[in-house]
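Enquirer: Got a structure for you, questions after.
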């Protein structure tokens, strides 16, 4: 009699994805972030569902409904802060996951990589809309500033912005539709995650060497299930330390002031995980140019397979490329810092230089250095 795990139509899918899946024997902890993102997604959907039970998406009551959740709902405060800080953990894992893909050349799995980039855009859109829902000052002004960027699109820009707003300013209609989109998008993301995994399992995982591991595979369970569980426990530990000790560390104090269209906060800035892109946006004096740079700063990931000039897939044996990679990481951290600073003398020029370096590294320096390394291999 065959094992039900291998014969049952549903169990078979789970078995082939998480139990009997042949996995490379040498994948490091950088390969943990995929499963951690799954944990984050489940956590966000669950906490979000419980928050949605008590939240009202109306401009008059949205702010007080969030206050009500924190004060009156049983454990509402912990659910709210787990959801808010869970988003931060989500983005930490996302950026680590993308960084791993760049370092080890995982972008050569074209379908998996492209679905991943679409997922990144969708998670960013979801997080942005979620930030608007508490209807604090930064929620309102963040929504106003970011949606207004679309008015830079020639000819249709103004109509497009008013269509998204559902009126002539960010108001009740905007909040209601943002809540609807914020609720539905995670489920679309979940479906896309399955597509992402489907494409990944067509080829199998990459590994730190970038060399085919077909001759040295081990079953996913128990080796990587136990490794993923350890990773998940550490993630939850980090999240709970954040939630229970410094829940407002990553938030903006302005969001504890109810939204007021007549009073602009001195410094409008998004959540920390968007600051690098915000810095790139602000570093270009022209509105349309800034918007294009903002979109390209993420969309550039799609070009990574085209920009790969090296004969080797991974950066493991390419010290010069490694230097550039870590320079890119440092540059992104610099941009993140600049994005949170006011627009004044030293910060403007630092932001512009960091933005130029960002595009220069990816589009010019990395391919050039890869070509040089190819020539060094001949010596």
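Yeah, the Cβs are placed from backbone N, Cα and C, and that goes for glycine too.
On a predicted model such as this, the values are computed, not experimentally measured, just so you know.
Among the features that Swiss-Prot reports, heme b b562 binding site is placed at 83, 182. Feature annotation from Swiss-Prot assigns heme b b566 binding site to 97, 196. Sequence annotations record features per position, and here Swiss-Prot assigns ubiquinone binding site to 201 based on similarity to another entry. Annotated transmembrane segment per Swiss-Prot: 33-53, 77-98, 113-133, 178-198, 226-246, 288-308, 320-340, 347-367, in sequence order, evidence recorded as similarity to another entry.
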Enquirer: Taking 33-53, 77-98, 113-133, 226-246, 288-308 as candidates, which has the most Cβ pairs under 8 Å with the transmembrane segment (178-198)?
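Expert: Of the candidates 33-53, 77-98, 113-133, 226-246, 288-308, 113-133 scores highest.
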Enquirer: Residue 196 (heme b b566 binding site) to residue 182 (heme b b562 binding site): how many Å between their Cα atoms?
Expert: 21
Enquirer: Inside 10 Å of the Cβ of the residue listed as 'ubiquinone binding site', count up the other Cβ atoms and send me the figure.
Expert: 14
Enquirer: Give me the non-local Cβ neighbours of residue 83 (heme b b562 binding site): same chain, 6+ apart in sequence, Cβ-Cβ under 8 Å, ordered along the sequence.
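Expert: Listed in sequence order, they are 44, 47, 48, 51.
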Enquirer: Given the cut-off of 8 Å on Cβ pairs that are 6 or more apart in sequence, determine whether the transmembrane segment (33-53) and the transmembrane segment (226-246) share at least 3 such pairs.
Expert: yes
Enquirer: Taking residues 6+ outside the transmembrane segment (226-246), which of them lie with a CB under 8 Å of any CB in it?
Expert: 29, 32-33, 35-36, 39-40, 43, 78, 81-82, 85-86, 88-89, 93
Enquirer: Distance between residue 201 (ubiquinone binding site) and residue 182 (heme b b562 binding site) at the Cα atoms, whole Å?
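Expert: Counting only the Cα atoms, the answer is 29 Å.
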Enquirer: List the Cα distance (Å, whole number) between residue 97 (heme b b566 binding site) and residue 182 (heme b b562 binding site).
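Expert: About 23 Å separates the two Cα atoms.
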Enquirer: If I restrict to non-local contacts, at least six residues apart, and a C-beta distance under 8 angstroms, what lies near residue 182 (heme b b562 binding site) in its own chain?
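Expert: Result: 48, 126, 129, 130, 133.
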Enquirer: According to DSSP, collapsed to three classes, what secondary structure does residue 83 (heme b b562 binding site) have?
Expert: helix
Enquirer: Counting across all protein chains present, how many other Cβ atoms fall within 10 Å of the Cβ of residue 196 (heme b b566 binding site)?
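Expert: I count 21 other Cβ atoms within 10 Å of it.
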